[in-house]
């Protein structure tokens with residue numbers, strides 16, 4: 001974390017009020033979906049999203065040209081990477097699974113276990129400049145990064161269009177604001193389940209998925225308490241919410257000392273807060289597109305949807321007094337399990353996975 005803390009200081013020096021935005025962004029959302037909150041100092045514009053998309057897919061945003069944001073956030077995998085844990089551009093393995101970016105505009109706290117990180121603009125500094133672990137490896141390379149982008153014939157015009165009031169200045173502020181704008185534009189509300197539940201398409205999902213929906217939202221299974229709402233997560237914010245929900249839970253993955261301890265190198269929110277109650281507590285991920293985002297959990301330690309159901313059916317694989325009280329366990333017969341999986345698969349949004357608007361620029 002040392003590198004990105006230093007970068008935060010740099011970005012504060014460079015910060016100035018944003019003005020002169022060219023084309024306001026128009027959210028392409030169904031009527032039942034509220035708009036996300038957007039920082040007043042980084043309003044969404046078409047030009048910022050276009051620049052952010054270019055940067056997101058550009059390996060020049062790494063120490064050695066071997067990785068980009070898109071290396072760990074792959075569109076076809078709902079902007080996860082399919083690995084158990086992330087791998088940085090130097091080959092260093094991380095301790096956590098790469099989180100999906102779909103609907104990240106609706107997430108009030110970023111990363112798996114930092115309840116203090118609320119801004120996508122600040123979060124962008126973590127993969128760029130973080131040193132523990134190294135992701136993009138840019139710590140101490142700010143000027144070299146700026147020089148690369150200035151020398152690339154694509155970027156001067158893109159930065160000028162996105163930040164006309166600042167003369168198209170290439171800076172940490174403009175880079176992180178553009179990345180944040182593109183990431184906020186990645187929304188996913190077009191699954192078969194959405195068409196069934198909100199679009200008056202009764203045949204959009206199977207009878208099995210409908211039975212699975214009933215199970216999912218039952219008190220018997222308790223899934224919906226943590227995975228409800230428009231994003232299927234209780235870590236959510238949007239314009240219609242008067243308060244922010246930031247769901248963190250200990251789900252019984254580890255109990256190393258009989259008292260609920262998690263591995264020392266991946267202990268959860270306690271690493272940031274220092275509060276004993278936060279041992280093993282991680283942010284609730286969205287279940288949208290869950291069928292394409294395996295492996296699961298903060299450390300990728302559960303390989304399949306079947307295995308994830310096993311974990312929760314058992315009330316956690318390593319229960320302790322620290323395990324969330326909602327993780328109570330349940331029993332499913334074979335057909336009920338198949339129904340539940342059919343429902344979870346109905347949350348896959350093919351538009352998200354394939355639309356050119358979220359893919360690499362041509």
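Heads up, the Cβ atoms here are built off N, Cα and C, so glycines get one too.
Here is what TrEMBL records for this protein:
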type    : residues      : note
BINDING : 69, 72, 73    : heme c 1 binding site
BINDING : 223, 226, 227 : heme c 2 binding site
DOMAIN  : 47-183        : domain 'Cytochrome c'
DOMAIN  : 207-348       : domain 'Cytochrome c'
SIGNAL  : 1-21          : signal peptide
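Feature map: TrEMBL annotations on the structure.
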residue	record	contacts (Cβ under 8 Å, 6+ apart)
69	heme c 1 binding site	55, 56, 57, 61, 127, 136, 179
72	heme c 1 binding site	80, 81, 86, 87, 98, 127, 135
73	heme c 1 binding site	56, 79, 80, 81, 98, 100, 101
223	heme c 2 binding site	216, 217, 312
226	heme c 2 binding site	233, 234, 247, 249, 284, 326
227	heme c 2 binding site	216, 233, 234, 284, 286, 287
Residues flanking the heme c 1 site, with Cβ no more than 8 Å from the Cβ centroid of 69, 72, 73 and excluding those residues themselves:
56, 68, 70, 71, 74, 79, 81, 98, 101, 127
Helix-strand-coil residue split for the domain 'Cytochrome c' (47-183), DSSP-based:
65 helix, 6 strand, 66 coil
Around the heme c 2 site recorded as 223, 226, 227, what other same-chain residues have a C-beta within 8 angstroms of the site's C-beta center?
216, 222, 224, 225, 228, 232, 233, 234, 284, 287
Reduced to three states, what secondary structure does DSSP give residue 226 (heme c 2 binding site)?
helix
Within the predicted model, mean pLDDT of the domain 'Cytochrome c' (47-183):
97
